[in-house]
Amino acid sequence: MATWADLVLLILLMVVLLCRPSFAFYLPGSYMHTYSTGDKISVKVNSLTSIETELPFSYYSLPYCRPNEGIKKSAENLGELLMGDQIDNSPYRFKVNANESLFLCTTKPLGEHEVKLLKQRTRDLYQVNMILDNLPAMRYTQQKNGALIQWTGFPVGFTLSGGSEDYIINHLKFKVLVHEYEGSGVQIIGTGEEGLGVISEAEKKKANGYEIVGFEVIPCSVKRDPEVVSKLNRYDQIDPVSCPLELEKSQIIREGERVSFTYEVEFVLSDIRWPSRWDAYLKMDGARVHWFSILNSLMVIFFLAGIVFVIFLRTVRRDLTTYEELDKEAQAQMNEELSGWKLVVGDVFREPGYPKLLCVMIGDGVQIAGMAVVTIIFAAFGFMSPASRGMLLTGMIILYLFLGIAAGYIGVRLWRTIKGTSEGWRSVSWSISCFFPGIVFVILTVLNFILWGSNSTGAIPISTYFVLILLWFCISVPLTLLGGFFGTRAEEITYPVRTNQIPREIPARKYPSWLLVLGAGTLPFGTLFIELFFILSSIWFGRFYYVFGFLLVVLFLLVIVCAEVSVVLTYMHLCVEDWRWWWKAFFASGSVAVYVFLYSINYLVFDLRSLSGPVSAILYMGYSLIMAFAIMLSTGTIGFLMSFYFVHYLFSSVKID
């Protein structure tokens, strides 16, 4: 008979196999690739992206030059596939420290479909993304005021304002920054993107050389003489080009035109060291404003939370002290004369409506909150660098799968507490493992059909769908059932008071209590809306998000505020003899998701004004809905668990006959 150790070992083996071990974990600064003078290095190309449509497309969907050996996809992890990255090889070849100007290829005469596609991609502001030694190509544009704006990638083409003609970018001037490195006495772990491993002494000598610390590109459009280029072969030398050129010397996008692609490469020695090569990509405009805004937000929230906590603490302690100092006759007289939380002692632990749904949502909330906390902690300590594409998303998925144990445990234990029996725990565990993933799966499937219809690389491949389903039902579901089993064996939570058979009538109120619950979400929203802006900007504008230290502080603050808000709202409802606190405690902090979703709509209308087309809007709203739903479950769970502990502690602290 298999033991628990065998089961855990089998699960770990499945995860390792499914997650493609060829992609090892990337710790910034832990490995690098050094090159010798004359070594050949290749440029890779990623999907074409645009902030106009948010629909990524394959690089070779346009009539670009193809490599002689054919198109070969690079090994991808699960996160890259879900993010729509499609990394392929390209015909661009460099020789280390060799400055060259080379001819690449000339296309066939452009057909009607190719012209239409090129013009559409140009006017939708699509960017070409190239990668050299895991560094994205970066370009700079100078504004009229002299300021430099940094971009990753370069445009497919350009259209002059008010002009009817479009021009294609067909000449690239690359600048590769290299740092001379001496590896004597230094042990390097790994020598490339293929994996990790301690190199031998013989290989250490090869480590001496040059490391790539920067990759810049200047794009321009050049109209080549057809007779001259017809005599050239791939990688033949050509004359350098001074960019930008006059409009009449640029390559127009027109039916029947043959487009010649060329490039130049220049190697420049740099003082930038390899561990610091990503600093240029992680620079953020307005960093001082960002820091000041976050600090100001934290101070305001700490101040408000402190006031709420002090008032609440004084009120509860005064009530408890006054109540316990009275003798039995005085307590009885007080119960008859006064109203408040003391009068609902026989109903406060009465079974809530839809108890199974509550247990399922709490279980899923624990799983999501745990995943978020652990992921952000790892990212804050630098274990998930932007250099490892897809690693953040892959890590989140793996953490979510394994935290199914915690979800099943908490959900089933709450079920036992409410029902007083373990009967039905399997159904609760199954529901926990299928509720949130099922909703996300349905939304992603609908969005995926839209992406498939648009021939976008953002569509999840069928093979990846099967991998996700396999991970779901072979890892997440069994672990959730295992956690539920442990929940049935855990120590039972007993109520400190007995529940009356007849429920107490709740006094009528002038306004619905749900208005107060809905309004309570504004305080947690105040802790994260600034950070939410930067997160949305990084997602929808293709910027790198790296301030995980701030995000960790904001997350810690959000947990505190959610707990306090739910406890205070629960206490207020008990004081007006409203004993139906279970769901209200959940939605008091969970209602922050409503404001997050409304803010997402506001961001779409006022900040993503360039986003065009109903497909892009549907994708944005679908992903925003998933995000808001996950936030509701996680924040609502935090508030409910704290309120449950508070109510249990409050009524166990009072002597009641």
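Placement of Cβ uses the backbone N, Cα and C atoms for every residue, glycine included.
Annotated features, as they stand in TrEMBL:
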type     : residues : note
SIGNAL   : 1-24     : signal peptide
TRANSMEM : 291-313  : transmembrane segment
TRANSMEM : 357-384  : transmembrane segment
TRANSMEM : 390-412  : transmembrane segment
TRANSMEM : 432-453  : transmembrane segment
TRANSMEM : 465-486  : transmembrane segment
TRANSMEM : 514-540  : transmembrane segment
TRANSMEM : 546-569  : transmembrane segment
TRANSMEM : 581-606  : transmembrane segment
TRANSMEM : 618-651  : transmembrane segment
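Using a cut-off of 8 Å between Cβ atoms, the transmembrane segment (618-651) and the transmembrane segment (465-486) share fewer than three residue pairs, counting only pairs 6 or more apart in sequence. By the count of Cβ pairs under 8 Å, the stretch nearest in packing to the transmembrane segment (514-540) among 357-384, 432-453, 581-606 is 581-606. Proximity of distant same-chain residues to the transmembrane segment (432-453), defined by a Cβ-Cβ separation under 8 Å and at least 6 residues beyond the stretch ends, is recorded for 55, 359-361, 363-364, 367-368, 404, 407-408, 411, 459-460, 468, 472, 476-477, 480-481, 484, 615, 618-619, 622-623, 625-626, 629-630, 633.
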